[in-house]
Structure formats: structure tokens, C-alpha cells
Amino acid sequence: MKKYFHSVRLLPDRCKGCVSCIKRCPTEAIRIRSGKAKIIESRCIDCGECIRRCSNHAKSAITDSIEDLSRFRYNIALPAPTLYAQFGADTPIEAILCGLKKLGFDAVFEVARGAEFVSRAIREYLAKGGYCRPAISSACPAVVRLIQVNFPELIDHLVPFAAPVEVAAKLARELARRREGLNPSDIGVWFITPCPAKMTAVRQPLGAEQSHISGAIAISKIYGDLLKSLPTEPADPACPRATHLGVGWAVSGGEASTLAPIHSLVIDEIHRVSEALDQVALGKLKHVDYIEALACAGGCIGGPLTVENRYVAEERMQHRAQGKQPVPVEDEMLEAVYRDVVDDGRLAIEPQPVMRMDDDIYQAISKVEVMEKTLGRLPGLDCGSCGSPSCKALAEDIAQGIASETDCVFKLREKVRDLAQEMVSLAEKLPPSLNK
Ligand code: SF4
Ligand code: SF4
């Protein structure tokens, strides 16, 4: 059986079985069983939607922490551009980068620099032509997983490049190795992440045997200490700075804007992404060159592991984009490794369809028949009180043998009523008792 790593976990003690999360999960990965939520691992894409949804804080994301830096001799922080949106525009990015070094990192490398390289690779790829239209961004790991499990027929539409954070990690490692003369095993590379899907992608990389990243630390986990560590004097982080082209990837539309002038479509929020992918699968968006698809509303600034409201974050990013921009640094060493990095021997992304009923075709056909018949008997209210997200999902669970028709409260009521009537009519047939 395939072993999964998932950053998103249930805290059973806090779960009240309220069913709020099961209705919002984009892959129908949650069931309520014995009064508690249960995540079906093969379906979960770590989008974090259930973390946002649960008012009882019964869902959380596992990430690494600053203490894990002690595993390595030399540690590099890879701040997601979204980190900058957690601070007012009066806090320069240089101060945030210096603050990270004060927290214990030996060096900082902006993920936005990786994004600049990926933008360039995608521009070259689209200019060459011959790709499956529309090409789809591979930057958001939750979207890539959604395609793997729900839309495997669209895998060839994904652009064949690693996400900016992986590219940044490889570049940062290479720089540290060449400039500091370090042994690769002594270098720890830590992504400061806005979302659990990125944590999962570190432990279970997509399109690669192994990630170049050692671990991921949630923005929400590091924010308080970072705030206290911000330098009060103007600071120089002593690292090549990214331009607004890379930093802009934090907000939805930022990636597509670096690819102009192509015909692109920007879609954010996982359910809207799912609807759009339905349309791609139907062949209705062939005239579009490129789709930027992001699981979180507003883009990475809306990630569940951030601390700032996404509208505030968006306004801050706009403000930063209008401010003084760093001049692009032509770093010869980075240029030298660029081609090697973008053609990183990426593995094919494997389809992982989880919606099929059975590997055996005859079994699958018979289960589909059971499912359809069962669905016809269910009330069609999609209320979720059975613990499955919809009547269709319950019918499927029944066909798979993991639920029963009486899990539906309406069917249970019918059954109780029928039993009561049967008992009444049996009682009427009873012979009179001897003492009457
Ligand atoms: S939203 Fe889901 S995880 Fe949270 S209490 Fe309700 S059932 Fe449990
Ligand atoms: S993280 Fe997303 S896919 Fe996984 S259980 Fe939660 S809502 Fe569903």
C-alpha cells in the first residue's frame, strides 16, 4: 500500500464531528465516522481548506521549526514572497531578510529569485510552441495534486518545471557549496512557507526523486520571533535581491504578468480551479496559452499558514510593487547554473486517480451499478449528516463497503417507521390473551 505524508492532520480531541469541513473539501477526502472527522489519505491534496473551515481548530498543519536548524552546520532561509506581505510596507524587505539571519540562519535566498528563473523558463517554453494547450502552471503543489487525483488526463498540460521554491533551493545550495566550500550534507535549506501543500511537497516531491529543501517552517510559526528580530537601523542582507517580477508571484496574477504578452487565464481558490479544470478537460479553453492556477483565494498571500488578512496583504504587495525596486543583479554564477536548474531531469508526474471504483474492471462495473441504484434511493439533499459530503459520496461509500444506507438519517427514519408499522400490524395479529 502506498505510504503518504500529509502536512494536514486532524486533532481528534478537538473535533466535534460538526461536518463543516466535509462539505468544503475539494476532493471529498473527509468523512465523519464515530463522531470524528477522518481524512482519506489517498485523496487529500493538502490544500488547507479544512484548516480554514474548522472553527474548532481541529485541523492543523505539521511543519518544521527553528530548533530543526541544529541538524545542519550551515542553514539557508528561503522566504516565500508572501512573508513580505505580513509586514507593513514601511518595513523594507532588506529588514525582513536581516531579521531572518538574526533568528539563526547563516544566509537568505529569496524564493522570488527562483520565480524569476522559472518565469524565464516558461517564456522560452511557450515561445517554442508544441505544448498541450492551455499550458498549466506547476507552481502550486495543491493544484498539481488536484490534477493528479481528479484530472489525470491533464497532466501533460503542466509546464515541465519545478516550482520556484525548488529552483531557489537548488540555486541557494549551489551558491553555498561554491562560495563557502561546504559539503552538501552540511547545508540545511528551509522554506518559510505560507501553506501546508508546500510542506508536503518537500517530504513527497512532485516530479522529482528528492527535494532540494530540507524542511519547511510555517510563516505563522516564525512570525512573532521575526517581528522581534527586525533591525531598527537600515540593514543590508548581503544577498542578491529579487525584483518585483519575482516578488509579485505572491499575489494571484503575479506569475502570468511576467509571461505577457500571451493569452493567459488566472484562477485562484481551489473550487474555482476545479471548475476551470473541468472546462479544460472538456476542451473548451484550447485558445488560452497559459493558466495560472492557485489553490488559495488571492494567491499564496491567502495561504492558511499566514498571519495577515489577505486583502491587507494584497494591498501591501501592491504598495511594495510601486516602491523603489532593486536593480536586477546579473549574477554570473546563478546564470551558469540556470539551465542546469530548470532542466533538472524532472520525472514525469504520475497520475493518481482515486475516484475509480476498483482496479478490476468487472468489480468496478458492479460497484458502479450498486452505487447508482443506491443513489436513486437516497433523498438527494446532500446534507452531510451521514458523515459523507454528498448523497453521491455516501452511495459510493456504500458500494465500497465502508458505509451503510442507514447512515442516512432519512433512510434510518424510514426504516424505524417501517419497523414500527410492522410491529403494530404484527401486534394486531396476536391472538387474544387468555385472561380477556
Ligand atoms: S469542521 Fe471538521 S474537523 Fe472541525 S470539528 Fe467539524 S468535523 Fe471536526
Ligand atoms: S487539506 Fe484539502 S484536500 Fe485535504 S482533507 Fe483538508 S480540505 Fe480536503
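Each Cβ is built from the backbone N, Cα and C atoms, and glycine gets one as well.
All TrEMBL annotations are machine predictions without curation.
Residues 41, 43-51, 53-63, 146, 149-150, 196-197, 199-200, 203, 270-271, 274, 354, 384-385, 387-390, 393, 397, 403 of the same chain sit 6 or more residues outside the domain '4Fe-4S ferredoxin-type' (6-35) yet have a Cβ under 8 Å from a Cβ within it. Annotation source TrEMBL lists domain '4Fe-4S ferredoxin-type' at 6-35 (among others).
Annotation source TrEMBL lists domain '4Fe-4S ferredoxin-type' at 36-64 (among others). Proximity of distant same-chain residues to the domain '4Fe-4S ferredoxin-type' (36-64), defined by a Cβ-Cβ separation under 8 Å and at least 6 residues beyond the stretch ends, is recorded for 2, 4, 6-12, 14-18, 20-22, 24-30, 141-142, 145-146, 149, 190, 193, 195-197, 199-200, 215-218, 221, 270, 295-296, 303-305, 352, 354.
Feature annotation from TrEMBL assigns domain '4Fe-4S' to 366-425.
Regional average pLDDT for the domain '4Fe-4S' (366-425) in the model is 90.
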